[in-house]
Structure formats: structure tokens, C-alpha cells
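Participant: Quick one: this structure, given as C-alpha cells, is what I'll be asking you about.
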Number of protein chains: 4
Amino acid sequence: MAPKKGLLERLDEGVVIGDGGFVFALEKRGYVKAGPWTPEACIEHPEAVRQLHREFLRAGADVMQALTFYASDDKLSNRGNESSKKYSCEGINKAACELAREVADEGGALVAGGLSQTPTYLSGMSKEATQKEFQKQVDVFIKNNVDFLIPEYFEHVEEMVWAIEVCVKSGLPVVASMCIGPEGDLHGVTAGECAVRMAKAGAHVVGLNCHFDPFVTLEGLKKMKVALDAAGIKVHLIAQPLALHTPDAEKQGFIDLPEFPFGLEPRTCTRWDMHRYAREAYDLGVRYIGGCCGFEAYHIRAVAEELSKERGCLPEASKKHEQWAGGLRMHTKPWVRARAGRQYWEKLRPSSGRPFSSAMSKPDCWGVTAGDKILKQKTEATTEEEIVDLKQKGRLMNGK
Amino acid sequence: MAPKKGLLERLDEGVVIGDGGFVFALEKRGYVKAGPWTPEACIEHPEAVRQLHREFLRAGADVMQALTFYASDDKLSNRGNESSKKYSCEGINKAACELAREVADEGGALVAGGLSQTPTYLSGMSKEATQKEFQKQVDVFIKNNVDFLIPEYFEHVEEMVWAIEVCVKSGLPVVASMCIGPEGDLHGVTAGECAVRMAKAGAHVVGLNCHFDPFVTLEGLKKMKVALDAAGIKVHLIAQPLALHTPDAEKQGFIDLPEFPFGLEPRTCTRWDMHRYAREAYDLGVRYIGGCCGFEAYHIRAVAEELSKERGCLPEASKKHEQWAGGLRMHTKPWVRARAGRQYWEKLRPSSGRPFSSAMSKPDCWGVTAGDKILKQKTEATTEEEIVDLKQKGRLMNGK
Amino acid sequence: MAPKKGLLERLDEGVVIGDGGFVFALEKRGYVKAGPWTPEACIEHPEAVRQLHREFLRAGADVMQALTFYASDDKLSNRGNESSKKYSCEGINKAACELAREVADEGGALVAGGLSQTPTYLSGMSKEATQKEFQKQVDVFIKNNVDFLIPEYFEHVEEMVWAIEVCVKSGLPVVASMCIGPEGDLHGVTAGECAVRMAKAGAHVVGLNCHFDPFVTLEGLKKMKVALDAAGIKVHLIAQPLALHTPDAEKQGFIDLPEFPFGLEPRTCTRWDMHRYAREAYDLGVRYIGGCCGFEAYHIRAVAEELSKERGCLPEASKKHEQWAGGLRMHTKPWVRARAGRQYWEKLRPSSGRPFSSAMSKPDCWGVTAGDKILKQKTEATTEEEIVDLKQKGRLMNGK
Amino acid sequence: MAPKKGLLERLDEGVVIGDGGFVFALEKRGYVKAGPWTPEACIEHPEAVRQLHREFLRAGADVMQALTFYASDDKLSNRGNESSKKYSCEGINKAACELAREVADEGGALVAGGLSQTPTYLSGMSKEATQKEFQKQVDVFIKNNVDFLIPEYFEHVEEMVWAIEVCVKSGLPVVASMCIGPEGDLHGVTAGECAVRMAKAGAHVVGLNCHFDPFVTLEGLKKMKVALDAAGIKVHLIAQPLALHTPDAEKQGFIDLPEFPFGLEPRTCTRWDMHRYAREAYDLGVRYIGGCCGFEAYHIRAVAEELSKERGCLPEASKKHEQWAGGLRMHTKPWVRARAGRQYWEKLRPSSGRPFSSAMSKPDCWGVTAGDKILKQKTEATTEEEIVDLKQKGRLMNGK
């Protein structure tokens, strides 16, 4: 049996489809707590994590990202979180890798170990302290033979470069993805400059994930592409956006929107939005195309279906989904059968059923970022007084 | 060990929480095909069905409904569907019962076997032929020791009464639920009259499921309650609505909305909508409170959290969800921590992020129903010519 | 020269087109103060009132309503209003009649003198006191030879009947129009019953004006028609709705909407809405078809254009408006010329350009009405303390 | 009596408030035909034009712009327009000047004569031919002693410069205003460069009018200001935007929006939008602040009220409008009295009452401009065949 092709080889040859978002999906399924968002479910409920991996695999994902989001030791013990003490950083990361590998092997997919931004950095601590957090996770990834590394969900290119430096020492391919938009990072570095710095630090693939919808994300990637071209740098691009419409988000993305995180439902993209996303990403030259928060299996399947010619195959889950709504030919009601076709769904602008809601929101714009005292991490739980203070501060800042 | 309490006993004592929707959730996860919507996943992918049962159990559901929606023999062989031939009606219903029982036993839940409306009836065939279809499923339910029966998703009270007649012969409790709204059934029988007929036919619990959002559904239940009271009938009420906002739907519910079934995302209810739904349903006197299409585990959890005082407990999944967004106290960003509280979320009217979409849609209104030639079922797949004809018909009917 | 035909004769023969709204239009033009809304402009700026009459005449109106809205003595001296003292009730009503007559005679139109609901009644005073206020205005109308009387804008049928009693004594035709919707009057009398009582009190024409949009108003008129038919009463019907969309208004109409009166712009009807209104009103059997607040000349022209076949003529102002956007054939830009046609405008659902606004509003619902202490009229201006109290009361009532 | 101060002197000393839009207002009142938009009303219905002037004067306008929009000879005879033949270019421009002067003298206002872009230029004809059209109008303005000239509503800076050249020869102050937005002119010249060229051609005041809402217009003016500063040029700035929200308009402004010109109502700005506009314009350094299409007297009054401190006075029409809704203290209903205050209206986001409409529209984007064959002017009326062709072309271009 021929050895499995690696990430870079696959990207050179064609498209690699990423998986979708785990923490949002598992929060809704009851296994992840919104707020800390840490992945102790890998130990507490492996069957739930395994099942979600399988859904993405069936949908066409070529990569199983181990569920190691926010699984750094400092985050696992932040603001009253007891996961570090109960399960340890190593325990969670190891369990995540094993689950990803188990499912990946069912379908020839690659396993990726992910790092994300740290409380250590946001608290203004040193490069050394920050990299130590990354190293602890990378050590587990190496021990567990992941196929490549994804430092992702970084808002500051400075911290991202520090993460890449740790990753490249592993000798594995490094996919570096920031959670910024076309306006650049939170310290004011442009998206283009971020791309160049990531590539220069050694990343093999650079791009964007989370925080913005597919189309805003592609605007950011256009800027990255222009800057990389101008710098004469050749790397692959990755896009793993939200499956949520965010035309109204500002620099900090959907975190600032008043609906985050418990009122985002009406923003959810349809599968048809994902057809458009996949096509536009591909046409822009992006070759690692996946999703982040909000992306469920059917969104990934839509990406795989849109790119089925380029990939030469349909995903397993398309056995339960005929192209462009073809399955509706079997519907009981004749007027639903009449909707079986591409033109109908491409033209549809779906209603919200919410006549008392507006189309867009005004984001909270506190504008604070790494180094600001208010972002300082702490192990104690947030007190009631602190919440009251924060609400008052919010009223002052947003004139509410 | 004390024997498990039955449904009617539980309803007399307090609230019974139903589970959410299976076919929509499994369609998105890649296991059910939209159009036929039949549940062969029980055999093909038992792990996916089992996982979804577990999510609802963890979220607080007291009932595991076996995934037997549209699992009548005539539906499993309709318009090119090969499930009947491949797996048989008996095979699918049996597998569904076993999965439901396995998970129910993990948490003291009840198992229900469900029937739904049949192509046989819609094609205008006889009472005898229709009841034969029901009997085949009920036989499997009895053999597999379900705790009660749910004839649900009926648009015509005539067919519903036929189904109840078959069910009552089993000696099991019968929960009868129609997919109609405040305007009544598709033959023009009022919602109140439907309730009375269901109770008179022997149903122990009557009510509504699917087709309308929680608040429209409760409007329908109010009418049922008034009619039952007027008739001096004492039965319990069930509500299992959509988790989709449908203020614009007309008599046939969300099937008529142009977004059905692949563009409904922006209509998805938030967990806060479900707090309001649970409270209003309870205050109306409804004691069997669950959900249908669109209801995911977090929606059921919200119902269970809203009624935690009445039930004296919180569901297992609330370990990952502090009441009223309390978990946000652990969020990195201070302005998100400021959102930890009930008032914030109760007041929020979430935006759609879709400035080119409207709040409401004009439904397709073909107005055809049982007995109409165009609804006649057939085993052959729909042809391309038939689709073209239907589109043309739609344009004429809706002036598009 | 043949004598001018009277109102009732005209109604028997065909359609009579009313004029539009004066107080809203003159408020925007700078001549009427929102709040008191009293018509001292008839004396202060006759040229502005005359011009508005002319616009409606040119647009096709068959009636010039003298601008005597809220011109009763008690209203002219209410809450700090000095118009009664400065100009007197008689002075204002007389000036209004003269202006209406002057313009009416330029085009064969009729002159109507209007009464509206009084502070006297709202303060809970006697029938005698209330009728005395009406009598003062009617005396002026008779002296100035108006062609008929319009008691209009009444929220309570009791007061309306008192007004009709005063009017019928004049011997002039009486058109009685309440500002209620399908839900009936503010004391809980149904719309249908209101119609019957008005007719029985002697009104020759009965119907609805102001407070609701054309389509909600027609819903109310349908109820009136049914009740009149059931009572075997033959009178003509009048509709003079708002030119503002109010699907979200409740019993008290647009007054309760949070946008009243200074944020109503996005609700303004287009001329195409008025084509639909005119057609539906005509088909319902309404023969006196006009408008109220928000109706400008182009709205009345649209009514006249829609009914041009029934009337056998086009209005003068149609010389500046070819049917169904025909004038766009002369537009510079070719894509605007492409919009010259009925189908384009009938299908258009115009956008608001306001992505941060919702489609509908939650009305203030204080639910107080005639007899409530808080409605008591007084001659002193409202104090700052009273405003603060009212705001606090509003917060409590609407949970804001 | 001291001589009236000139425009430039006034601008140096403080704010000059422009008037609002004539052609849209008079179209609604029944005196101007949409499509050609030419101002023969100056001769046909002087009383209507005079009245509108008076409304703006009362509202605080310091300038009476003679109604000479599109009053060039070539436009008055374009596509079947007979105004040139019936009234002559000279006749219309002269009448317009006389009406403006008559009302201006009632309140110390200035009179301006305006030029606008010509069919001659759009048809690709020579500079000489184009300037000849301008000269004819300017000759009338000089003869009638206007106080200054406003070449305005130009989409191409090339034609604008030709107009300025003609104007400066008069020796009068020249206010040059293009109907472009932040994206620049239709030949691709940036907004900043347009400003510089206008100033260099001799304009004393430069800026923007029509085509975009107040806030988009101010974005364009910011770009102009930056470019003028960079070029070391000192001129005054003028803003005369639409009173219609156009966040969705692209390069050609509101002409491209599907609602133009007969479905724009829901986009209409409130008086509170104008407070914000006036403040932001003033803070940006704009000193000539007025309005264009959609601006009615109450919008101009709001500008004057917002800037009353800077100007040291309130307009005459504020006698009928207490600051920040103060007049509502006299309203009958207590909950409306509770709305008497600034905070209420500043916070309000008014609803459209149109649940089937979206917030924004997709503009028609034909992208044709001066020189394109399809824009060629002609004296014959547009034929039915041409309209059919244009509709077909539109469907192809916009995928409709």
C-alpha cells in the first residue's frame, strides 16, 4: 500500500478540504462550555468528539484537526477553569490526537495539531513564557505523530511568529492562520504584512480562520496574496472562515457583535453560501479550504460538492445529498419538488422570520488589545462586582 | 429498584420533556436525505443515531423517540426510494427501537414509537389500506416493548383518527400530535375540533408538532385547549414545534415557505427563544414539551433549564452551560464577560447579517391537499419533464 | 350653468376622491406644530394652505376639506396653546372655509367642514359640554356654506354619535369617519357596531380615516360592511387611511408606534401602494376614497389614475405623470428607461437603506383611554417634572 | 441700509445654509415630470415654485437657487421634450431667476443660478458645443443679477471644468459641485482629484451634491479635503446630499438603485438624521451646507436648528417646531408627551413597516458613461421596441 501523501504534496496537486468548527458544534451538542471553550470533551466524552470527526470526514474533509483549541496549560487554568488540574494539558492534547487519528485512518485523512493564542501573551508576558506554552503542546503533537501543525486563531502577528518559530523546529509542515480580517491585526499590522511575516517565519501555508464570514475572509486573503506576490514569496493559502454572515463586524470580528456567542443563529450560512465561498476561494488561488465556528458537516459537504470536478470525487455524505437539491424530486409536496434545481437556490435570499430584528448590528468596540490591563488573565473566577463594572464600562463605551 | 414511571403518571405529576428533531439534524450531519427524509440511518449508521439520542438525553429529554419518522412501507418505497427493498419496514423500525431503548436506559427515559402520515392516505386510498400501513409499524413497536406510541405529523384529522384507532388497540398510552397550526387541518377542520376528535378517538395526550414556530404552535394549542374544555374533555397537551421562526407561514406551515428545506438557517431560534417557549407552554398548561425539526440539544437544554424549578433538577448537559450565559464570566474579552446575565440576552433581537434579505417571505400557496391528483404517490422517480411542469405551474400559481 | 352636484348624488353615480393630509404636510413645510397640530396656519399663512389645497385639486380630489382639524375651542386652548386667544375658534374655522372654497371653485370641487374628537370628551365631561364645542364649529360651517360635514378622527363611537347628532341638525350631508382599525373603538365597541351606530345616528356616509395604513383600514371597512349589511342598512363607505405602512400597530394605531410622529419616513407608501389601495377599496364597494396623514398630492393622483376608467378622466396633475412610470422613457440613463412599465413597479419591494433598523416596531401600549385621569386636559403647559414622570411610567409599562 | 453680504464673505464668517431639492418635491406636488425633470413649472405654475422657495426660506436657507436644473436648451428638447419649443431656454431661466429673487428679497437670502450636466456632453460632442449650452444659461443669470453661480450635478469632471470656465468669465462667485461619491467621477478620476481640478479651474467653493446620502457624501468630501490640503489649495466646501439613505449605492449613486425614482420613500431621512449630518459636515469644515433631492423644508430646518448656536439664530419655521421634539409636550396622549426629548429621537432606529422588503438593494450596474453609444441623446421619443430592448439588456447585465 502506497504511503499517504503529505499536506504540501496534496496542496501542490490540488485542493485540500479542511474540517469545520468543533467548539461551537460541541457547545450546542452539550459537551463544551461557552466562555472558556476548552476541549476537555476529548477525555470526558470521546464518543461525541469522534462522531463529529466522522461527520466531517464523511463530508469530504481531508484533514482531521485534533480538538486542541485553547488547550494550552495557561488557558486550561484561566478564570476558574479546572481542566488543567483535572486532566492536564498533556492528557487533553494526547486524547485529542488519538481521536483525530482514529477517524482519519478510516478515510485516508491527515491529522493536524493546533495551537491558538495564549492568555500568557495577552497578559503582556515574555516571548519565552509564551513559547513555553506552545512547546508543551507541540511536544504532545510530535509524540503522537500528527501530520502537520496549525498555529491558528491568533489576533497578533507578533505572537503568531513566536508560535511558528516553535512549530518549525518540529520539522513538520506548518499552516499559520490568523483570526483577523481585511483591517489587519489588533496591533495595526496590515493583513498583507501579517502574511509576509508568517511566511518569513517559516510557515508553509498562511491565511485566515474564524472571526469573519467567508466573503470578508476572502477580502482579507486578497490583501495577503497581493502582499505575498509583491514580496516574491510563494506559499499556499488557507481559508477557514466562520459559517456566519458578518458584514457588520469590525476589526475584532464576530466577538464584538452583540449576538456573540448565544444569538448568532440568524447569521448562519446556507449550503449555497458555501458553494459560492468554495468557488471564490478556489478562483482566488486558495488551496486549503475549510471552515471554523458554525461550519457543520453539510457546509463542508457543500464545499466538497462545489469542487467535486477539481477533486475528481464526491464525498461519502453526498450519497445522502443529490447535487443542487436533487433529492427534492422525492418530496411529497409538488411545489417542493419544483425547487429541485440550482437556479432556485442560487437566487434565494432567505428571510429571517424576525420582523423585529435588523439586518445588521452595531458591534461593541472597546478597542482594547494585548497589553491592556483589562485583558490580564487570572486564575480566580470573575466576581459579581467585576461583571457589574464591566457592564457599566460597556454602557459608557457604546453609549447604551 | 422501583419500576420506571410511565408517561401518563409522569404527566400527571409534572412536566415531561420531549426530544428534538432527528431528520433535520441528521440531514445536516450527512445521514438522512432531504426529500424522502426516511430513517434508514438506523441501520446504515447506528452510531450517528445513537449519538443524537445521547445529546437529547443529556439535554434533559425524558423521552427517546425511536427514529421511525416516515418509516411506513409505502413511504420507504415512494418515488424511487429503495429503503423498503434494502432494509424492509420491519428492519428499520426494529433498529430504531433498539437504539432508542439503549440510550433511554442510560438515563431512565421512556421510549416512544412514532407513526406519521402516509402516502397511501394522501393518494386517496381506503381506510383499510392506510391502517394496514400503521399496523405494520405498531407490530414492531409492540414487539420491541416501547413505552408509548406517538402518531404525529398528520395534516388531516381523518387520517389521524385512523392512526389512533390502530394505536389504542395496543393498550399503550397514545400521544396524538398534528402538524397543523391555528388555521386547522388541510381539509378545513378547526384546530379545536381536531383536538376533540383525537381525544374522542382515544388519544391520552393531544397536541401539535412541526410545521410552525413555538409561538404560532402555542396559538394553535390555545384553540385546542378552549375546544377541549368546552367539550369537557380532560387530556394532556403536547407541543413539539419547529425551532424556526415562521410568522409568515400560512396553513401548510414551513413547507410552503420558499426557504424550505435548504435555506431555513436564518430562522433558527436561539436558546433564549426556547426559554420563552417553555415558560409560555407551561403557563398554558402544556405538560409534554419538546421539539421537532431544527430543535437541537441546546434548545432542549434551554427548555429543561427554564423548567428546572418545576422539575427539581438540571440536565446533565447544564454542566457545560451555566444558567443565563453565566459561563461568559470566563471569556477572554471583557466586553463578552459583560454579557453574562439574563437581561442582556432577553432583550437582544439578533440580526441576520443579511442586508439583502427581508424579514418575512411570501409562501408558495398551491393549496392542494389529500385527494388532489397532483399528490398521488408513485414508486417511479420524478422525471425531468415533471420538474419542468411543476416549475411552470408554480410560476402561474404564485405570479413569479 | 348647471348647479354643482352634491356629495350624495356624486357617490350614487360613481367615485368621489378625497384629498390628502394637511397637518402632517404643513408640519413638514413649516406651518403647523406637531403636538397640538392645530390649524392657525389658515390665518397665519393662507398662501401655504391654499397651495396645498391646489395640489390636491390638481391631483384629482373632488373635495376640499377645510383645514379645521382640531379647531375646536377647547383644543385651541389646551396645554399652553394660545391659538384660541389669538385667533379665536370662529376666526380659524372661517378662514379655513374661505380658503377651501376659493380653491374648490377653481375646479368644481365640494367643500367640507370637519370636526374631530375633543379634549372635553377625553376629560370625561358631559354630552352637553362636548356638543357645545361641536356646535361652535358647525355654526361657522353653515355660515360659510360648506357642502357637507365630516365628523372624523374619533376614537370613541359614543363621542362620534354626539357629533353626528349636532351635524344632522344642519340638514347637510354627514360623513362620519372614525380613526379606529379592525379591533374597534377604544371602549371595546367592534368596528362593525361602530358603523351601525353611526348610520343609525344619521350619518349618510360612514367609514374610517387616519391611524392605520390603507390595507389595515380596508380590513376594518370589511367588518363595517358586513355589520351594515347584516343590519340591513344602506349607506356609503369612506376610506381615508394613512399613507404609512402600519402592520405592527395595535388598537390605538400609529400614535402608539415608537416612530410617531418624527420618525415615520421609512413607512411612507409609494404611489404603487396607492394604486393597489384604490383598486381594493373600489372592489370592496367604498366610493369615497381619499387619504389622511402622509397622503401627499402624488398619492391622491395615483388613486385618481387607478380609477381613471371608472371616473372617465385623468387629473390635471397627470399631465406631469404618465401612467405607470411612462415618463421614464425620457430619462437620460438607459437602465432607468428600462423601468418604464407597470410590471417593474408592481413587483418592486423597496428597500429602506437602513440595515440597522427592523421591519416592524413594538408599539407603546399604555392602553389608557377616555375617562382615564392621565388623559385629563388642562390649559397649562406640561412641566418638566411631568415629562420625567411620563418617561418613568413608559419604562415601567413597556419594560424598556 | 447696509448692502447684503455676498456668498464668499458669508462663508468666511460662518455657515451658509443651502435650500433643499426642487424637482423631487415638485414632482410629488404635481408640477414636474419625472424622467425629463425639466423646470418649465417656473412658467406654468409660478405660485407652486414660489411657495417652495418660501418654505426653504422660512426653514433657514440663506440661498434661493433659481429652479434652472436641466434647463439647458439641449435638455429641454431631448427625447420628445417640448419645453424648449414652448417656453424657450431663456424664458424658463428668466422666470426661475425672478421667482428666486422675489422670495430671496423677503428674507435677505442670496440668489444662485445653476447649471447642470448636458446631453451634449454625454453624447460625446465637443467642448465648444457643450460650453455654448452653458453660456446661454449664464447670459440669462447675468442679465437677472443672480448673486453667484452653481455648476452642479456633474458626473464627469471634464465637463465640470468646461462649465466652470464659462462661469468664471462672469466675475461672479462660482460654486462647483459634482454628483459623485467617494469612488470618484464616471471616468475614473478620484474625488480628491476632481476637487483639485475644480479649484484650479477657478471655482471658489467645491464639493458634492445629489446621488448619495448625507453620510456617504461626507465620506467623499473627506477625500476632497485631503486632496485640497495636499495641493495647498484653500477653497470652501459645499455639501448638498440626498435626503435618502443610500448605503448600497455604487458609483452612479441612487440612479442605479432599483427604487429610483418611484420607490424611494422608505429611504427618506428623518429630521434627526439631518441634525447628525449638519453636525458632522460642520465638524469636517464644510461651510455651505444644504440639500438636494428629497430634502424638504423640515430637513433644512433641522440643519438650521442644529447649527443655531453657530449661526446665532433659529429659522422662522422653528416657531412651529420646538427644539428636539419639545412640541410633543402639548400632545394629547401621555406616552407621546414622554417622547419630548433629544435622547429618545437620537436613539430611535425607525422601522419600515415593510416585512417583505430588505434593508438594502442590489443596484443596476450597467457601468456605461459619457461617450457610450447607448447614452446618445436624441430628440425623438423613446419607442416601445427600444424599451423592450433595454429590459432585455438589463436582464442580461444583472442576471435577473
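Note: Cβ is positioned from N, Cα and C throughout, glycine not excepted.
Heads up, TrEMBL stuff is auto-annotated, nobody curated it.
Since this is a predicted model, take the numbers as computed values, not measurements.
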Participant: If I go by TrEMBL, which of C:CYS179, C:CYS194, C:CYS210 binds Zn(2+) at the same site as C:CYS292, C:CYS293?
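Facilitator: Candidate in the recorded Zn(2+) site: C:CYS210.
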Participant: So for C:CYS293 (Zn(2+) binding site), how many other CB atoms are inside 10 Å of its CB?
Facilitator: 27
Participant: Enumerate same-chain residues with a sequence separation of six or more from C:CYS292 (Zn(2+) binding site) and a Cβ-Cβ distance below 8 A; give 'none' if the list is empty.
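Facilitator: Set apart from C:CYS292 (Zn(2+) binding site) by at least 6 residues yet with Cβ under 8 Å, we have C:GLY20, C:GLY21, C:ASN209, C:CYS210, C:GLN240, C:PRO241, C:LEU242, C:ALA243.
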Participant: Quick one: of C:CYS210, C:CYS292, C:CYS293, which binding-site residues have a CB closer than 8 A to some CB in chain D?
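Facilitator: From C:CYS210, C:CYS292, C:CYS293, none lies near chain D.
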Participant: Taking the centroid of the Cβ atoms of C:CYS210, C:CYS292, C:CYS293 (Zn(2+) site), which other same-chain residues have Cβ within 8 Å of it?
Facilitator: C:GLY21, C:PHE24, C:TYR153, C:CYS179, C:ASN209, C:HIS211, C:GLN240, C:PRO241, C:LEU242, C:GLY291, C:GLY294, C:PHE295
Participant: When the pLDDT values for the domain 'Hcy-binding' (C:4-307) are averaged, what is the result?
Facilitator: 97
